[in-house]
Ligand code: KG4
Ligand code: ZN
């Protein structure tokens, strides 16, 4: 069975083909970062228009790479949400049209479910149950995962998402959009320990996060310091605070659930300082840790093809018509439901 995956939830057009026999057989990505950089953030209308231009050529590229024809596609999966409504509609409309033309089933998948399943595409996939730390531009979730569609949210951010905090702090430091990777690079040259920001909400029980106060602490440090603090020191102190906050909550979640595996996914999961710290937390708790490869931490088509494959193979299908859910809580999901 070959599943085509289409990701258009934000500013990346991601297309992939997943085979139940051969695994991932092709994937392509077009990043719109350069389109949005001059505006300092994603412009939804520009994102939708660019997805329209990119989706079908990327599908053709993937088919050519895999040596397949359109008729070889057995099912089509697209990102149904959460994300930007117009951008999501592009993927949904193309998926529905292809499904109709090829007479194949179509399924709209949850973007965050796809992120948390992304490590399954790697050589040493995690076993259920696992604890997943999902850290992206729009979401920060700590989830207990006991099976496909069985998600218990342990904690989430009460304000800014982790990626959003990285992007806003990067902006404060004068770095271009998207700031996360740039801030990581700047932090690499910063001195550890000479500046310390709070680890928000770690002094009380529970698993929730809050990052907006940290952003204000950075703003105050940048504005009020005399003599000025080097930007790389501020970047380093911010990154250390975020990483340590996640380390504390992840340790708690592993202890509370007894899960033997930790999954870290989403764009911020590409951060090497975070990966290194969580590796040692998991090792200390006797848990195995699974990360997607760097390219599949940020948005991509492979994770959509894989998540779609899991549910399509179990018989789940979308109803007729392109359907999107710009807001869609992860814990509304259920295990695959076969169509009658
Ligand atoms: O998962 P993703 O590609 O898109 C969403 O679903 O939101 O995540 C994008 C977020 C952005 O905020 C970006 O700045 C952040 O992930 N990010 C990083 C790194 N790479 C991407 N944050 C910190 N360090 C990185 N290396
Ligand atoms: Zn994402």
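Glycine is no exception: its Cβ is also placed from the backbone N, Cα and C atoms.
Feature annotation from TrEMBL assigns Fe cation binding site to 111, 115, 299. The substrate binding site annotation in TrEMBL covers 134, 135, 136, 137, 138, 167, 180, 184, 271. The feature compositional bias 'Basic and acidic residues' is assigned by TrEMBL to 317-334. According to TrEMBL, the feature domain 'Gcp-like' maps to 24-306. Here TrEMBL flags 316-340 as region 'Disordered'.
Comparing CA positions across the binding-site residues 134, 136, 138, 180, the one lying closest to residue 299 (Fe cation binding site) turns out to be 136.
When the Cα atoms are compared, residue 180 (substrate binding site) and residue 115 (Fe cation binding site) turn out to be 18 Å apart. Taken residue by residue with DSSP, residue 299 (Fe cation binding site) is part of neither helix nor strand, so it is coil.
Proximity of the binding-site residues 134, 136, 180 to ligand 1, judged by a Cβ distance under 6 angstroms to any of its atoms, singles out 136, 180 in sequence order. Residues belonging to the domain 'Gcp-like' (24-306) score a mean pLDDT of 97 in the model. Geometry remark: residue 115 (Fe cation binding site) versus residue 138 (substrate binding site), CA distance 12 Å. Checking the binding-site residues 134, 136, 180, 299 against ligand 2, the ones with a C-beta less than 6 Å from an atom of that molecule are 136, 299.
Recorded residues residue 134 (substrate binding site) and residue 111 (Fe cation binding site) have their alpha carbons 11 Å apart, per Cα-Cα distance. Counting residue by residue with DSSP, the region 'Disordered' (316-340) contains 3 helix, 0 strand, 22 coil. Remark: of the binding-site residues 111, 134, 138, 271, 299, the most isolated position is 138 (fewest other Cβ atoms within 10 Å of its Cβ). Across the fold, the C-alpha of residue 111 (Fe cation binding site) and the C-alpha of residue 136 (substrate binding site) stand 11 Å from each other. Over all protein chains present, the Cβ of residue 136 (substrate binding site) has 25 other Cβ atoms lying within 10 Å.
Max Cα-Cα distance over the annotated substrate binders (134, 135, 136, 137, 138, 167, 180, 184, 271) is 18 Å.
Cβ neighbours within 10 Å of residue 180 (substrate binding site), excluding its own Cβ and spanning all shown chains: 26. For the recorded Fe cation site, residues 111, 115, 299 set the reference point as the centre of their Cβ atoms, and the other residues of that chain within 8 Å of it by Cβ are 7, 9, 79, 112, 114, 136, 266, 300, 303, 304.
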